[in-house]
Amino acid sequence: MFDVIVKNCRLVSSDGITEADILVKDGKVAAISADTSDVEASRTIDAGGKFVMPGVVDEHVHIIDMDLKNRYGRFELDSESAAVGGITTIIEMPITFPPTTTLDAFLEKKKQAGQRLKVDFALYGGGVPGNLPEIRKMHDAGAVGFKSMMAASVPGMFDAVSDGELFEIFQEIAACGSVIVVHAENETIIQALQKQIKAAGGKDMAAYEASQPVFQENEAIQRALLLQKEAGCRLIVLHVSNPDGVELIHQAQSEGQDVHCESGPQYLNITTDDAERIGPYMKVAPPVRSAEMNIRLWEQLENGLIDTLGSDHGGHPVEDKEPGWKDVWKAGNGALGLETSLPMMLTNGVNKGRLSLERLVEVMCEKPAKLFGIYPQKGTLQVGSDADLLILDLDIDTKVDASQFRSLHKYSPFDGMPVTGAPVLTMVRGTVVAEKGEVLVEQGFGQFVTRRNYEASK
């Protein structure tokens, strides 16, 4: 007797699409079969011939919640957005209050997240100036990876590291057998350009974009790649916004370096042409780039040069964003993404023929799980894996309506954009957590996930 049968699936993996039924027992995929006519289960879900894919593993999430008085996110609310958006495992970034840069802070965050999240989760530790001895402790406590900032830091809370500090962190990550993710931009060049642009009266989104040009992003990427080559750790360069940066990482990868490229839906679905319409709600770092670069990014994604996609979900109160219409420097930096990442990729990627479903599963499910050592528990649907799955409706036709978001804040750079394709059912460990936009589980349903096998993730 099984707990659940999901029948009439067109099951998607990076290897292809097969017609099958999925049998679930004790939260795991117990069998995948072409014929379950004689099989009994407590519940049967008919996928009706729709595509069924693994739940998304979002490796880049900033809920920024460790205090109910904070203004940025809520574990329980933002994880509802994740559930509706098809994200079954979030990997939460260490930039919180307090930052996740010590063992004590890591354990407290694990406790609070476990009590309140509605989807499964893993945690980063932070690599900041002065906390090198804490990295091993957080690794041993279950951190799946670590983050350092080369720029765009939060001074006094999550400071950017010098090259020497970053190299020492890379060495420690290599010794632990973990993974380091970096925000790669050049802090001093950004500061110099901002000073010049502000002195000239620049206050709009074009001024912001000009203060963080492609060349400084790529200089930082090159620096990180050089340090990684010497230290030998696994490195993921986050939110790469431009195709030349992607090429730099791919070249290092082809030469045997354990380096990987993450981009995000914001860089694939928005360009500088949208600045006048979206304004400060598209203020992210690095900035979005030109339409020409956007075309090349899509080609690189389909051709395998981009390894993963992360939402970089991070909310600000609307009152932190609105001043940016008149003065971009007064706007908070970040955008919501949990509820929109998969639908936007289905809409502008899969349904426009720019991205196969198989490749989407690779970059949003399988590869993130592998890189962070949580595969095959997560990121795939095979016997023994957690029964985390999505039923997709590629014909659904609607628009992004940020006013209906489940997260703490109700805005989006994608607000009003058409959507064709979205998950209509989200399952985590055999339990339906969201269906047709309704969240069906309580706080604390989400479970903590940690690394399984580093070697298996290569």
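Each residue, glycine too, has its Cβ placed from N, Cα and C.
The annotation in Swiss-Prot ties H60, H62, D312 to Zn(2+) 1, and of the candidates under consideration, K147, K203, K399, K410, the one tied to the same site is K147.
According to Swiss-Prot, K147, H183 bind Zn(2+) 2; the candidate from H239, H250 that the record adds to this site is H239.
Annotation: no binding-site residues among H60, H62, D312 have CA atoms within 10 angstroms of the CA of H183 (Zn(2+) 2 binding site).
H239 (Zn(2+) 2 binding site) is 8 Å away from D312 (Zn(2+) 1 binding site) when you measure Cα to Cα. Take the CB of H60 (Zn(2+) 1 binding site) and look out to 10 A: across all protein chains shown you find 26 other CB atoms.
Residues H60, M93, M149, V181, V182, A184, L238, D312 surround the recorded Zn(2+) 2 site, their Cβ atoms falling within 8 Å of the Cβ centroid of K147, H183, H239, which are themselves excluded.
Of the chain residues outside the Zn(2+) 1 site list H60, H62, K147, D312, E59, V61, M93, I95, V181, L238, H239, G310, H313, G314 have their Cβ within 8 Å of the site's Cβ mean position.
Sequence-distant neighbours of H62 (Zn(2+) 1 binding site) (same chain, 6+ apart, CB under 8 A from its CB) are Y72, G73, E92, M93, I95, D312, H313, G314, G315, G334.
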